[in-house]
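Annotated features in Swiss-Prot:
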type: MOD_RES; residues: S94; note: phosphoserine
type: MOD_RES; residues: S98; note: phosphoserine
type: MOD_RES; residues: S109; note: phosphoserine
type: REGION; residues: 134-184; note: region 'Disordered'
type: REGION; residues: 185-351; note: region 'DNA-binding region'
type: CROSSLNK; residues: K557; note: SUMO cross-link
type: REGION; residues: 620-650; note: region 'Disordered'
type: COMPBIAS; residues: 622-633; note: compositional bias 'Acidic residues'
Amino acid sequence: MANCEGTERGDGDEDANRAGGWFLVEAIVEQTTGYQESSDEDENSEDRGEDLVDFIDTRSLGDGQEVPLDLFVQQNARDDAATVQALKRKYTCSPASSSCVSLVDSELSPRLDAISINRGHDRARRRLFDQDSGYGHTQVDIGAPESQVSGGTQHTKGGGGAVQEAEEERVGGDGEAQCSAQTQQTPERAADVLEIFKVSNLRVTLLHKFKELFGLAYGDLVRQFKSDKSICGDWVVCAFGVYHAVAEAVKTLIQPICLYAHIQIQTCQWGMVILMLVRYKCGKSRETVAHSMSTLLNIPEKQMLIEPPKIRSGPCALYWYRTAMGNGSEVYGETPEWIVRQTVVGHAMQETQFSLSTLVQWAYDNDITDESELAYDYAMLGNEDPNAAAFLASNCQAKYIKDAITMCKHYKRAEQARMSMTQWIAHRGRKVADSGDLREIVKYLRYQRVEFVTFMGALKLFLKGVPKKSCMVFYGPSDTGKSLFCMSLLKYLGGAVISYVNSGSHFWLSPLVDAKVGLLDDATYQCWQYIDTYLRTVLDGNAISIDRKHRNLTQLKCPPLMITTNINPLEDQAFKYLHSRIVLFKFMHKCPLKSNGDPVYTLNNENWKSFFQRSWARIEGPDEQEEEEDEDGSTSRPFRCVPGEIARPL
């Protein structure tokens, strides 16, 4: 075998000295013509071995050099996925937020999931209330964790900050998504207060949380006002999400604007919750209270429940009374009377039963004969008069009102029947506070060309009810003031009006039964025919029989009657039998008016009072007047229908 160039094969000892003969000696390569030697192959250059330092990696695996880079890549991937998921929240739900059933189906049978024609998208339902972890009632705030998972969406805290996203849909399935608030978690608060205020039905959420904190429903303490403009002096305010410093300061800040304040403070994961019963110095509406409390507590108006309290509820009053005695409440001012009345034993024992005679006496003293007016006016005394309060607490208010008006009418009818016309005029005059000027009446009579002496003589016989002289007729064209003159006199004397339009009824004359003076306004030709046929006795002033509804026929002396008409019955021979029964006065001139439409001559109760006081001697005589009323006023005892207190022996 030929020897290879550059290789020596030894034998014997020479082979032993040469590592057994298998080691190959370095080959010698000759350089070709034109070859340029590089700096790396320069044999003469000094080699220090620096280029071979990292030629072989001798480091052990697991030193953690690649771990930060790998984690950074994973973290960026998660952040990118979360950002994309947040942008897609208004559209079809992504697989990351799809239901658990869809994920399980796609993972167990991917081939079946791939060939499905229409994927059913389950509508995401937002929880109305988050599950409480049990740490919500502590006053110490706990820092937020680094990573939170809520509703299938992951909240991570990266190197650049914290990103929160929440995918919500309105309750009721309308398909509209609400924008989620992105807030930064802070270690000072255990949970974000604004999370609860993103729901669509905020009031239901607040009512539920109120019941959890205070142990009873908010509706048990309040009555609802539908209008925000309704005025009330007492208000129940429950504010959520109040800062701790503000909650402590409100006990002092609210004192200048209210007369009474009952404040309770509770804590939850949303922050401080304040329940207040406030009595303001003046009545306020819900809008005013909301604006005032929003400024005072530094919270939005939507975070408050504002309604008036139940002032007639015993359990409600007892709740405020018992909680005010505990150390968990701050109370300022005097306790409202509706709480004291329903809780304190002394006030409860002082409550008396309703007395009908007291109601009748009150209606008689105030000259009330209308049921609606009596019910309204007496109900307004519920906070002042104990009998009125017992009346409001009764279930027979309508019956009491009807009975009281009936008795009041009986008393007044009997009182009127016992008085003569002179006494009645004096009685009506005492009801008028001021005294006017009788010259207004005299000037008006002169303006209508009516002799004052003739009128006074006819009025004297008219008021006395002299037969054939107890009917005064005022004749003239329209707009001459006939009705104005007669109506003003009738109002002062407290008379009654009858209308010919009701002549078809048997009871159209029944108002004359309870009146001292009557008036038939604007009698037409047909009315005069009816009077000439059926009412000649009425014009005479003699006793007549009047039919009343649900009553027997009543026989009485007909009161004096005034008639206004545009027809002169004295000129018509068809009414010749009425000529001797009436006294006629002509008003031929139109009533003058001021620029504002008021009459130039004022005919009111004050002027009629002055008229009768100054001309009393011509009508009745001075002796009877002096007996009726002396210088110190009326000497008659006032009517009393309530039982007095009788002194009984011990």
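Just so you know, glycine gets a Cβ as well, placed from its N, Cα and C.
Across the region 'DNA-binding region' (185-351), the prediction's mean pLDDT works out to 85. According to its DSSP assignment, the residue listed as 'SUMO cross-link' is in a strand. In sequence order, G465, G541, N542, A543, I544 make up the list of same-chain residues 6 or more apart from K557 (SUMO cross-link) whose Cβ falls under 8 Å from its Cβ.
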